[in-house]
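Colleague: Okay, handing you the structure first.
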Amino acid sequence: MVAGAEVMHQVVPLLEASFHRRCSVKGVDEVSPPVEEMSPEAASEAAIEVPELMVKAPVESLQFSPNIRSGSFADIGPRRYMEDEHIRIDDLSGHLGSLLMCPAPNAFYGVFDGHGGPDAAAYMKRHAIRLFFEDSEFPQALEEDESFYESVEKSIHNAFLSADLALADDLAISRSSGTTALAALIFGRQLLVANAGDCRAVLCRKGVAVEMSRDHRPTYDAEHERITECGGYIEDGYLNGVLSVTRALGDWDMKMPQGSRSPLIAEPEFQQTTLTEDDEFLIIGCDGIWDVMSSQHAVTIVRKGLRRHDDPERCARELAMEAKRLQTFDNLTVIVICFGSELGGGSPSSEQAPIRRVRCCKSLSSEALCNLKKWLEPNE
């Protein structure tokens, strides 16, 4: 007679094989725990358990939907005064309530890098919601379509120009105070970036930096040509020998009267993209970041940080600290927006199908166990 513990050790593989034939499960990853030795007394009451199986449930490819979460960090850097401001709203419809009907998820982010004092940037932060969504007749729609996004772009364009005029009308703000402005909006799978100035938005697409804005500086050929046509000039890399950017809100001491062509304008440039599983996160930063590092270097730092701790707030701080280490000479503001709950995507795709755990248990009576023993014994 074979000892009980030995019988148990032989039975487990037999039952596993039988289970696989009955279920005909495709794509099964199996983890088999070791079978512990048992006393003969315990063997008769033992329950033989099929090891836990990892079954990849067949699902249809799902349309990507961003799972938005973000973090930000701001630091005065080596400057005596802080002139940067920023806005971070991960749930825009939740923030605005009935004022907004738009495709979900939806979010709004803004970075304002002031110059000539903090007043213009502070004004933009204080009044951004009113300027962008309340006064601008922001379009209302629950479905994603081309006409909605065209209306959004037109509305944001008007908001930039309205903000510029508002800064001129506010007597509490110096006419020499101005600010760059970059706004990023997410509606459903669409990412829209509007920029006037040298803040920058950079998308990480499978680890590769994709710039979603262009720096409006005198060294940019298209801007240089426009400035010359308007009667302006570039001196030592500065617009009219004074300003390092060619687009900004405010700075009315440098702008022509309303209605006249001016070398310095508040007109935003737009870039739009449809987010996919390949799009991991977006970095928005002021020029204090980009003056000392490339877009790809910034993406690499944030990506490594997310792999270590998965915290966009910490990533924003780490990026700013890297800029300080590289001896930036400006204020620092960074926003990191992730599009998935984990690095590398949002909704599960067919290649990353959800895993379902299946446990199948079978207890054998003493009689059944004896029958198995007899069946396994060699014929004499």
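Positions of Cβ are set from backbone N, Cα and C atoms, glycine also.
Bear in mind that the values here come from a model prediction, so they are computed numbers and not experimental data.
What Swiss-Prot records for this protein is below:
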type: DOMAIN; residues: 69-339; note: domain 'PPM-type phosphatase'
type: BINDING; residues: ASP113, ASP287, ASP330; note: Mn(2+) 2 binding site
type: BINDING; residues: ASP113, GLY114; note: Mn(2+) 1 binding site
Colleague: Between ASP113, ASP287, which of the binding-site residues has the fewest other CB atoms within 10 angstroms in the structure shown?
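Modeller: Relative to the other binding-site residues in ASP113, ASP287, ASP287 has the fewest Cβ atoms within 10 Å.
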Colleague: Does ASP330 (Mn(2+) 2 binding site) have same-chain partners at least 6 apart in sequence with Cβ under 8 Å from its own Cβ, and which are they?
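Modeller: Looking at Cβ-Cβ distances below 8 Å from ASP330 (Mn(2+) 2 binding site), excluding near sequence neighbours, one finds GLY77, PRO78, ARG79, CYS286, ASP287, GLY288, ASP291.
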Colleague: Identify all same-chain residues not among ASP113, ASP287, ASP330 whose C-beta atom falls within 8 angstroms of the centroid of the Mn(2+) 2 site's C-beta atoms; report them in sequence order.
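Modeller: Apart from the listed residues, the neighbours are ASP84, THR180, ASP198, CYS199, CYS286, GLY288, ILE289, TRP290, ASP291, ASN331, THR333.
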Colleague: Please report the three-state DSSP label of ASP330 (Mn(2+) 2 binding site).
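Modeller: It is coil.
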Colleague: Suppose we draw a 10 Å sphere around the Cβ of GLY114 (Mn(2+) 1 binding site). How many other Cβ atoms does it contain, all chains included?
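Modeller: Other Cβ atoms within 10 Å of GLY114 (Mn(2+) 1 binding site): 28.
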